Amino acid sequence: MKEKEKVEERYTQWKSLVPVLYDWLANHNLVWPSLSCRWGPQLEQATYKNRHRLYLSEQTDGSVPNTLVIANCEVVKPRVAAAEHISQFNEEARSPFVKKHKTILHPGEVNRIREFQQNNKIVATHTDSPEVLIWDVETQPNRHAVLGATTSRPDLVLTGHKDNAEFALAMCPTEPFVLSGGKDKCVVLWSVHDHISTLAVETASNVKQGSKTGGNNTKATESPCIEPRGIYQGHEDTVEDVQFCPSSALEFCSVGDDSRLILWDARVGSAPVVKVDKAHNGDLHCVDWSPHDINFILTGSADNTIHMFDRRNLTSSGVGSPVYKFEGHDAAVLCVQWSPDKSSVFGSTAEDGILNIWDHDKVGKTTDSADSKASNAPPGLFFRHAGHRYDIKWLCAFISLFSSLEFNIMFKLFKFYNWDCSIAQYCNLL
């Protein structure tokens, strides 16, 4: 009860500051909770606003199928939105800027969504099963989530896990590779590119066989499956998150409930290249590799902290040796993500319902009197967003995955007023 009251109090404080902190904010309520949300491609660019694709999920109570939703989001440019729009913020409303485009009936909960950077109309999803599902969101038919409806058929199924793989999922930025981790303690790598020609041949064969049987060939209605390129073993508990090196399709890292951070290189085999046995004093929930400097890796843990590692000096006698430790959450950290725009900035979310924005360049530096007002703020912290106020048991799944959208909103949608003063005062307030 105390924790719930604390979340409510933070939300009330944040809500009162919305007109001061942001130029524009879009709030859109869904019928069901959303466990995952990702930006897709930009669809249209106009004078006053841009239109973006948005991928999100809806977790139902079982009365109707779970859904993967493709929506279009109109993003108003800075200094364009009318003043009354932000001053009349209503958390119960559905935003006119967010419109559902298509619904896919997903087999099981959509626990994580990731898009191919080579073709962001192709997305992968993790659910409560060992398989990874691949979807072409443009060619998939639009469905309606009604009682008794059959689920949509994935375009491709990636097999290889021996137990459920629910959250650890990543896409390579340079090649059409997919990386996954699961309860089987394994990291699994697939190359979709290796199988494109094979799948084309199978499709042509299925069409030919179907024409001979009047189009009733059952094989043609099944999703094609591919096996992994490699399976990597080195964890002693569930793998919670995985991430590719931004500059290499064959280098990647993983973290798990065994408190380990492991670096892998597919070119040298299936054994770990570097293993940090005690990266944190608790389970590791998340990891992100800097797209600006490939030496820096962030990890978040159940010990409420974020560690920043330099891969040139990861360990000291097997124990993690981070460059910085960031302590600004009151509960387990569930997601970390580097800013796409500024190399020293990253975001984090946790079970405390707070999204923190950090700048590691500010650690150890003292500036003007505005920052002195936030002297009780942790080193490096310069913004706290408290826009979600859900029950704490929902935050464990919801915030960790929704934070991808939230973090991008911070840098792509919102422009802060009085950067130094307002942010410092807000950190001090919370």
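Here the Cβ of each residue, glycine as well, is placed from N, Cα and C on the backbone.
Feature annotations, reproduced from TrEMBL:
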DOMAIN    9-76  domain 'Histone-binding protein RBBP4-like N-terminal'
REPEAT    232-274  repeat 'WD'
REPEAT    277-310  repeat 'WD'
REPEAT    326-359  repeat 'WD'
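A Cβ distance under 8 Å defines the sequence-distant neighbours of the repeat 'WD' (232-274), meaning residues of its chain 6+ beyond its ends; these are 167-175, 177, 179-183, 185-189, 280-291, 294, 297, 299, 301, 309, 311, 314-315, 320. When DSSP labels each residue, the repeat 'WD' (326-359) comes out as 0 helix, 18 strand, 16 coil, counted as helix, strand and coil in that order. Taken together, the residues of the repeat 'WD' (277-310) have an average pLDDT of 96. Per-class residue totals from DSSP over the repeat 'WD' (232-274), listed helix then strand then coil: 3 helix, 20 strand, 20 coil. DSSP places the residues of the repeat 'WD' (277-310) in helix, strand and coil in these numbers: 0 helix, 18 strand, 16 coil.
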